[in-house]
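K.L.:
What Swiss-Prot shows for this protein is this:
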TRANSMEM  5-25  transmembrane segment
TRANSMEM  47-67  transmembrane segment
TRANSMEM  76-96  transmembrane segment
TRANSMEM  104-124  transmembrane segment
TRANSMEM  135-155  transmembrane segment
TRANSMEM  174-194  transmembrane segment
Amino acid sequence: MLQEILSSALLMLIMIDPSDKILLVSLLREDFHIEDVKSLIIRANIIGFLLLLIFAVAGKIILQDIFHIELDALRVAGGFVLFKIGLEALESGGMVTIKKEKNILALAAVPVATPLIAGPAAITAAITLTAEYGIVVSVTATFIAIVITAVLMLLSLYLMRGINKTALSVTIRIIGLFIMAIGAQMMISGAGGIVLSILKEA
């Protein structure tokens with residue numbers, strides 16, 4: 001079970017993708033007090049975990065029984081969103097800027113907790129991990145990934161200050177390319193599952 005938890009936590013961490021959250025923190029650090037940014041990070045990750053917990057426990061019921069959405073369709077949608085985010089990072093060397101708020105904590109739930117932390121890719125992963133390994137592995141892996149994400153975001157408050165903006169832009173573009181590849185793979189996997197499902201019914 002330990003190996004399943006660790007591999008699942010790695011998958012969830014990739015789906016959450018702390019890299020763009022770290023960039024967000026560096027941008028917010030320039031305009032807001034560091035203590036406010038810390039509070040934002042903690043609140044956003046708690047909210048993000050609770051959202052993923054809901055989908056890990058009851059996501060299949062919510063999606064398939066209520067909305068009649070198949071997991072493969074969600075994989076395609078999540079992959080498309082990831083591909084789009086990666087493409088934006090690759091082209092611009094940055095992420096879409098968030099409209100400034102007078103109260104930074106207003107950003108904790110939306111857009112930081114969702115869709116940045118608990119986005120389509122992470123939600124898909126939570127549901128898929130529950131289906132494949134069970135609720136204990138899925139929730140534990142999600143918790144580990146969220147803790148790592150929160151720690152990286154908090155550390156970036158201090159580490160990102162000395163990084164050259166040009167180097168940061170290049171790094172973001174490279175990360176964007178990998179995000180695009182992950183998104184493309186998710187879309188291919190989801191589309192393949194949809195095709196197989198259609199062939200079985202035919």
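Each Cβ is built from the backbone N, Cα and C atoms, and glycine gets one as well.
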K.L.:
For the transmembrane segment (5-25), give me same-chain residues lying six or more residues beyond its boundaries with a C-beta closer than 8 angstroms to one of its C-beta atoms, as numbers and ranges.
P.N.:
37, 41, 48, 78, 82, 85, 89, 94-95, 98, 112, 116-117, 119, 121-122, 124-126, 129, 133, 137-138, 140-142, 144-146, 148-149, 152-153, 156-157, 160, 168, 172, 175, 179, 182
K.L.:
Which bits of the chain, at least 6 residues beyond where the transmembrane segment (135-155) starts or stops, bring a Cβ under 8 A of a Cβ in it?
P.N.:
1, 4-6, 8-9, 11-13, 15-16, 18, 21-22, 25, 38, 41-42, 45, 48-49, 52-53, 56-57, 117, 126, 129
K.L.:
If you count Cβ pairs under 8 Å, which stretch among 76-96, 104-124, 174-194 touches the transmembrane segment (47-67) the most?
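P.N.:
Checked against 76-96, 104-124, 174-194; highest Cβ contact count belongs to 104-124.
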K.L.:
Which residues, given as numbers and ranges, are at least 6 beyond the ends of the transmembrane segment (104-124) yet have a Cβ under 8 Å from it?
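P.N.:
Result: 12, 15-17, 20-21, 24, 28, 32, 36-37, 39-40, 43-45, 47-49, 51-52, 55, 59, 71, 74-75, 77-79, 81-82, 98, 146, 149, 182-183, 186.
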